[in-house]
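Trainee: My questions all concern the structure below.
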Amino acid sequence: MEISPADSLSISGAAASEVVSEPSVSSSSSSSSPNQASPNPFSNMDPAVSTATGSRYVDDDEDEEDVCRICRNPGDADNPLRYPCACSGSIKFVHQDCLLQWLNHSNARQCEVCKHPFSFSPVYADNAPSRLPFQEFVVGIAMKACHVLQFFLRLSFVLSVWLLTIPFITFWIWRLAFVRTFGEAQRLFLSHISTTVILTDCLHGFLLSASIVFIFLGATSLRDYFRHLRELGGQEERDDDVDRNGARAARRPAGQANRNLAGEGNGEDAGDQGAAVGQIARRNPENVLARLDIQAARLEAQVEQMFDGLDDADGAEDVPFDELVGMQGPVFHLVENAFTVLASNMIFLGVVIFVPFTLGRIILYHVSWLFAAARGPAVAASLHLTDTGLSLENITLKSALTAVSNLTSEGQGNGLLGQLTEMMKVNGSELNGANNTLSVATDLLKGSTVGASKLSDITTLAVGYMFIVFLVFLYLGIIALIRYAKGEPLTVGRFYGIASIVEAVPSLLRQFLAAMRHLMTMIKVAFLLVIELGVFPLMCGWWLDVCTVRMFGKTMSHRVQFLSISPLASSLVHWVVGIMYMLQISIFVSLLRGVLRPGVLYFLRDPADPNYNPFRDLIDDPVHKHARRVLLSVAVYGSLIVMLVFLPVKLAIRMAPSIFPLDISVSDPFTEIPADMLLFQICIPFIIEHFRLRTTIKSLLRCWFTGVGWALGLTDFLLPRPEDNIGQDNGNGEPGRQNRAQVLQVGGPDRAMAALPVADDPNRSRLRAGNVNTGEEYEDDDEQSDSDRYNFVVRIILLLLVAWVTLLLFNSALIVVPVSLGRALFSAIPILPITHGIKCNDLYAFVIGTYAFWTTISGARYAIEHVKSKRTSVLLNQIWKWCGIVFKSSVLLAIWVFIIPVLIGLLFELLVIVPMRVPVDESPVFLLYQDWALGLIFLKIWTRLVMLDHMLPIVDDSWRAKFERVREDGFSRLQGLWVLREIVFPIVMKLLTALCVPYVLARGVFPMLGYPLVVNSAVYRFAWIGCLSVSLFCFCAKRCHVWFRNLHNSIRDDRYLIGRRLHNFGEAALANQNQNQSSEDAGDGVLIGREGDVDNGLRLRRAIQQEA
């Protein structure tokens, strides 16, 4: 028998362990018998034999056989090893069966190490045809149709069970639980036989079933929570017992400890003493309580183990969701699960609703019967006497009233008798009312049992629950009395359930209070969010509308009328305007923080502060603090709107009254659709991307603060200094420059007053640091500090005043200048032939004016910088270069923005709008600007769909690669010829083909057939729809051909496929695998290849640019 190296190592290790375990024996035996076998099996061999044997083992180790990376077994003829990926070493080879099992388990299709996809090819039977016979194909289609039909029938059955049957029965169980008689149930059922009511009952039943499920989940969670509390409590008690026992043992005298040891040494005495102690322990009430607690704990542990065992069994079974709902597996399982759910719902509703309601009905019935039986005779007698007295009084009053009426009929109605008549009439009416009331009360008392049965369902249910609670306490009291009669003491802790309840009451109270606190916190946070994000922006929007209403030529009556007609739209518009203004203020404050010295705006909250958490402030701060903050925000924002919006608008109206009121209406067809899209999708993103507004505004703010701060002597206070930062970092800054603008870091409102510049006076610092002898120097110092503080406040006020005047002029100019310039440029657009004299819109005028003004300023600044640096030749080269870029980009942009959208809009109008709206005997009128607007929308949607990562049937991946290349090139490196050849020209040709081919067929070919003019007009009208139908038919035929071929391959695989063959790394796949691929897959491969070529071109171009 050969011994492998591992076996030899194990043997030698075992022998070594034996030697170590018995050192004396092994040493003696080795010394006495030297010829005894040593642990090494080669130790007693001849050296030559030993050398040969060792070399043979080394050769076997080197020529180790290849094994599978999964099962670690070698390959054989039936199951050879393969190397399907680029891995090497011990994980190179694998069995095909092992790999298939692992792939089915991990749902992977590639190697986890080298990420190489595994390649398989189908293996068919020997008699498998390349094309199925017609009969087999029809049989396969019939089997596939049967499977699909079976799936849909199973799906409809499952949905009807879980969404219709179970909810309907559950809801009717709920209804029948409140029914008092069989007749009432019959009337209730007959009144709910309609489709609408049945569907409504199904919906209510579904909600009820979901509520029951959530209640079960909540009960389970509470059970686990209380179990966890008991475990923690038991652990704490055990720790306390251990601590007490340790302390008692530490305090125990040494003699008692010795006696205990002696008692342990004497077995008989210890046994007698243990018996006596056991009798005493059994008589101790605390030990009896502990024994009952142990028994209760054992019982609860058994119950919990039973439920946990069921949970473990459920977890071990791991039933899939499809099988659980009944989509897979036998139908009997679906019926069983449905009946289980129905039974659980029925039991829950029976225990929670039916039993308490029935008990409440029984109790109320007997209580009303006892009440009627006890008070019936007395009440009847009193009612009889009262009825008799009222009848006599009524007769008397009627007689007196008749007599008085006869007396007053002779013309004395205005005297005393007339007044007496009126009084008697009133008394008679009151008497009749009292008689009626008494009769009603009599009827109620007589039918008290019926009235008791007509109480509300909630009252009856509450009475039933109170009776159940009474029965529970009565049972516990009887059990306590019985045990007390047997001589057991009455302790609350005797009953494990009561002990648990008593122990859990403080915890439940704390949890309830915590839940209520969390609930109130949530209500407070929700209320504050509604105020700060809903009401406050709405108020800002309305205040902005009030301050700018004259700019648009409107009055507040128009706004109120719009609010009354459409309150939701009006509120939404004003809220959006208010929230945009608040965002603008926040952005401006963030720009100020980036320019000013840190600490200047300490009184404003910084959203970028890592320690600032607005939600934490909402939770922690009290309500009165939030109310004060909201009122302060209202005052601040209201004042800012007046100073920065209302006054600039009034100044702009005074400066240029001819341009007001502004017209931003969207009723014009030109601006009805594309206005918001051009403004928010094209213009504003282009401005943000290319004009760098944030950098420009920060530079302007820095220049303004530098100039105004120098004029007011506040430069060191307002702006940060780089040398101060460097000095602080290095620790060796100039002390004079550091002390020149010291800012005392104090908190609260005093920080602004304390941030005063300190003069370069070393004596002042010595006076503050040292001990002074006279009080006059203190007074001079205080007077100087007061003077500096006063001057600082005055300069800050002047700074704010100058800032407000600057913003006032800037906002007025921002309204007047772009609108005037934009109107002048926009007036040239109606001259174009496609516009048909559209009127000017001030939204477009403002955007065009802003573009023109910004372009002029940027070009002038760029030219001035090059002229100052004496680089006129470079400037001319840049001008020439940018003129070429602008011309090239303008041509491409004009084709993309104007020509292509017009073609798309015309095609859409000829396909959809003209056949639907224009009669056959009329000629359509095309509005090109409307077609351009529609085409621009469709072009935008198509480009967004192309740039999405998801695969769509109407989107080609090659277009995504082309658009990404254009995005990578940018505006300055755009390759015009490539864009024209690869993007613009294919789109234009396809659109022209779609427009011209139907026109040629309808106007040139079809009239040659000799049909009447009406028929030719109808053909022309529906020519584009007909061509579209033919194109869709061809596309559907191609897709159906691919689908039938895939269906044929699937049927052939089901019938003749016997397995799959795993290919080795680098081995070519079988030819029939490529033949079985669909044309769509081939097209996808071509597209992927093109995209890869484009990506390679992008990488090569970037590398060349980096080298250059």
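Placement of Cβ uses the backbone N, Cα and C atoms for every residue, glycine included.
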Trainee: If Swiss-Prot is the reference, give me the range from 716-738, 762-784 marked as region 'Disordered'.
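Mentor: Checking Swiss-Prot against the ranges 716-738, 762-784, the region 'Disordered' one is 762-784.
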Trainee: Reduced to three states, what secondary structure does DSSP give C98 (Zn(2+) 1 binding site)?
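Mentor: DSSP call for C98 (Zn(2+) 1 binding site): helix.
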Trainee: Using a 10 angstroms cut-off on Cβ to Cβ distances, just flag whichever of C68, C85 is the loneliest among these binding-site residues.
Mentor: C68
Trainee: Near the Zn(2+) 1 site, what residues other than C68, C71, H95, C98 in the same chain have a C-beta no further than 8 Å from the centroid of the listed C-beta atoms?
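Mentor: Counting only non-site residues, the set is R69, I70, R72, N73, N79, L81, V94, D97, L99.
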Trainee: How many Å lie between the Cα of H95 (Zn(2+) 1 binding site) and the Cα of C87 (Zn(2+) 2 binding site)?
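Mentor: For H95 (Zn(2+) 1 binding site) versus C87 (Zn(2+) 2 binding site), the Cα atoms are 14 Å apart.
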Trainee: Other than C85, C87, C111, C114, which residues of the chain come within 8 Å of the Zn(2+) 2 site, judged by Cβ distance to the Cβ centroid of those residues?
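Mentor: In sequence order, the nearby non-listed residues are P84, A86, I91, Q110, E112, V113, K115, H116, F1065.
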Trainee: Of the binding-site residues listed here (C68, C71, C98), which is spatially closest to C87 (Zn(2+) 2 binding site) when Cα positions are compared?
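Mentor: Result: the closest of the binding-site residues to C87 (Zn(2+) 2 binding site) is C68.
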Trainee: Given the binding-site residues C71, C98, C111, which one has the fewest other C-beta atoms within 10 angstroms of its C-beta?
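Mentor: If we count Cβ atoms within 10 Å for the binding-site residues C71, C98, C111, the smallest count is at C71.
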Trainee: Compute the C-alpha separation of C114 (Zn(2+) 2 binding site) from C68 (Zn(2+) 1 binding site), stating it in Å without decimals.
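Mentor: Between the alpha carbons of C114 (Zn(2+) 2 binding site) and C68 (Zn(2+) 1 binding site) there are 17 Å.
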